[in-house]
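Listed in TrEMBL for this protein:
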type: ACT_SITE; residues: 239; note: active site, proton donor
type: BINDING; residues: 10, 11, 12, 13, 14, 15; note: NADP(+) binding site
type: BINDING; residues: 140; note: NADPH binding site
type: BINDING; residues: 224; note: L-homoserine binding site
type: DOMAIN; residues: 171-369; note: domain 'Homoserine dehydrogenase catalytic'
């Protein structure tokens, strides 16, 4: 049985779902001859680790307890001493994570899994690469930091998996890498990469007011607690930047023009979330309704898309034919079209559920298993 030590950063929706999947898939993994040995789990304030990272693991009862505790909003520090576990807080937790990597990285190996949404893990991740660890990312921020950080993280391609940074569980990165590895030249990528904005745009198509659609998306759990995090387009921009960098483009986030679906005067520093939902959103209804009507008169629909073509890098609302792959998109699904020398007239299309904790966690788990050949 091949045992893969795993250190998980991030105990939010995706992190918890990943732990649940690992527990529920034990028998399946056993048939594959693999056992994921969780040696530590962190939240934003602390790191919970086993007493001996070489021989012990957080057993399934502890993993289930972690999920319950975090679901209730309780910090991991509440589990100090539970099942012979130790808790390290704040800066001490970062040092401990690096210590674990130094111990395991070049001996048994370590899968360092980042399911956080923090830029504070970037320093640790670069250390992990130096120490021979494998890195699995759902967190987009490390890959959209400086080009220096990006280059460092992808310097050993066999030791990093980043599928879930772009399309949750969809094989976006794997498909793009296969095309590029064949020597095929990709000249254009067009995609709808936000489940939230995909839902908003398709609901607007049915004649519903923008304000009601956004509130409905929030109630369904499609948006962040502050919907402006989705409406700003920043999430799409980060995903598009990762794809562009994989194509070899040397660009940074601050050089990308991003169309926000709300004006600056409704931003978080001006309006609270409650004010934005109660009186800000409704002020955007008329302009959005006009855009929808104009698109319809042209036989088109509106979609929030990213387009990468040569030096062109567009992120925002576009009118698209109703019968196109992006035009037929409904709900929170994602779709990506890749145009290349081989896929020119008929693009390579990836389509499916591109949002949600369950699909993202499934993508992360598949990525962890995909690096098993690195481990002894």
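Positions of Cβ are set from backbone N, Cα and C atoms, glycine also.
Bear in mind that TrEMBL entries carry predicted annotations, made automatically and left uncurated.
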Proximal residue to residue 10 (NADP(+) binding site) among recorded positions 140, 224, 239 (C-alpha distance): 140
Other CB atoms within 10 A, centred on the residue listed as 'L-homoserine binding site': 15
Least surrounded among the recorded positions, given as 140, 239, when other CB atoms within 10 Å are counted: 140
Position of peak Cβ density within 10 Å, selected from the binding-site residues 10, 12, 13, 15: 15
Separation of alpha carbons, the residue listed as 'NADPH binding site' and residue 14 (NADP(+) binding site) (Å): 13
Surrounding CB atoms that lie within 10 Å of the CB of residue 14 (NADP(+) binding site), all protein chains: 24
Residue 11 (NADP(+) binding site): tally of other CB atoms within 10 A of its CB: 25
Stretch-averaged pLDDT - the domain 'Homoserine dehydrogenase catalytic' (171-369): 93
Alpha-carbon spacing, residue 12 (NADP(+) binding site) to residue 224 (L-homoserine binding site), which is rounded to whole Å: 12
